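Comments concern the structure below.
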Amino acid sequence: MESDKEVNFVEVAVIGAGLSGLFAARVLHKEYGVKVVVLEARDRVGGRTFTETDPSFGYCDLGGAYVCETQTRLLKLAQELGVETYQVYSQGQSVEHYLGKRITKQGALPSMGSILGALDVNNFWQLLDKMAKQVPLEDPWNAPCALEWDTMTVKQLIDQKCWTRYGKAAAAAYVQGILTSEPHDISLLFFLWYLHSGGGTKRNIEFEAGGGQEMKFCGGSQTVSMKMAEHLGDRVKLNSCVVCIEECDDHIKVKCADGTEYRASFVISSVPPALLGKISFNPPLPPLKNQAIQRIPMGSIIKTITFYDRPFWREKGLAGYFNSDEGPVEEGYDDTKPDNSHPAIMGFILADKARQTTTLNKEERQKLVCEQYARIYDTSEALEPVLYLEKNWMADEFSGGCYVGTFPPGVLTAYGK
């Protein structure tokens, strides 16, 4: 009977114990004394940050890992929690492997492999930044060209504005790298809005000073969530998958799959929009909201970390960073520990390539990754890893993919408001 159930009363129920959900609960509890509970479906906190610990190789970030100087609130939070950062290794040259040609370069931006290619890419980057500044961060659907840009895909703009094979390849790789989706799947308006919110084309991909991949957290990025959860104590409930939210006369009833029930004055959802469809709402969500969450798919990615006996790429004067269309891994970084122990390369398998290789087993993917690294770094040493780790985020039930939800054409202007 309803009266026999144990009912938990709180002021605010937060769904999801990732960074945003835990931070919301932390602020409410610490600064305002609000009685709060955080309901997490997994058996861990951290959401799309996930740090696996190997007995021999230490912590390994298999989820979101990087932070940069403009993420001031996250850096301030980490400092409060006693979580330090370190600089991603960036000494030496990067490698670019497009259209069958391998060259070395400085930094993460596309190279100066040819004068025409360089002009093409530079012009396109400038165009993107100019267009992105016209998209308001708070209401992108009110951009002057919102309707026009939301009917276009990013691929259409690439085909219109890039005139070299290299320019088209570099532009497509850039989109795949920051949104884990194919250019033909993404609304141009959404892409420009995303660029604007991230500080422009360069900041989104650079691993040197000021770039989006500039720093990582000592001990792994999940440590930030774990520290917040420690401070919140038993207010964080793991293995608590929310299945129903019901609005009553004087409270909101939140039910979990295990039968636990909470009654709250307010509910905060910090889960990706695509996952809201797994929750039953009474009354139902507003029609446009209900339609919108069906149209914001998560990106596709398999994150890999490959460990070696020694950092052979550094010995060749390379930073470890590369871009490539010659194998499963689109983008890679040096992932060696800050004390120079456990040399490793982190590689992203993205978008179509992630979907294509997800049908392979782990050993088959490892073989393809290492063969690609042998070509990238021009050495057979890459064929002999001492450990290979991976996380297929497409298979994660409570994320549905990574990094973020993306908007296909027409969704932002029709449903965004």
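Each residue, glycine too, has its Cβ placed from N, Cα and C.
Ala41 (FAD binding site) falls within neither a helix nor a strand when secondary structure is assigned with DSSP, and so counts as coil. Annotated FAD binding site per TrEMBL: Ser20, Glu40, Ala41, Val242, in sequence order.
As annotated by TrEMBL, substrate binding site applies to Phe348. For Phe348 (substrate binding site), other Cβ atoms within 10 Å of its Cβ number 22. In three-state terms derived from DSSP, Phe348 (substrate binding site) belongs to an extended strand segment.
The annotation domain 'Amine oxidase' is assigned in TrEMBL to 19-404.
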Farthest-apart CA atoms of Ser20, Glu40, Ala41, Val242, residues recorded for FAD, distance in Å: 17
DSSP three-state assignment (helix, strand or coil) for Ser20 (FAD binding site): helix
Neighbours of Ser20, Glu40, Ala41, Val242 excl. site residues, C-beta within 8 Å of centre, FAD: Val14, Ile15, Gly16, Ala17, Gly18, Gly21, Val38, Leu39, Arg42, Gly47, Ser240, Cys241, Ser270, Val271, Phe398
Ser20 (FAD binding site), number of other Cβ atoms within 10 Å: 16
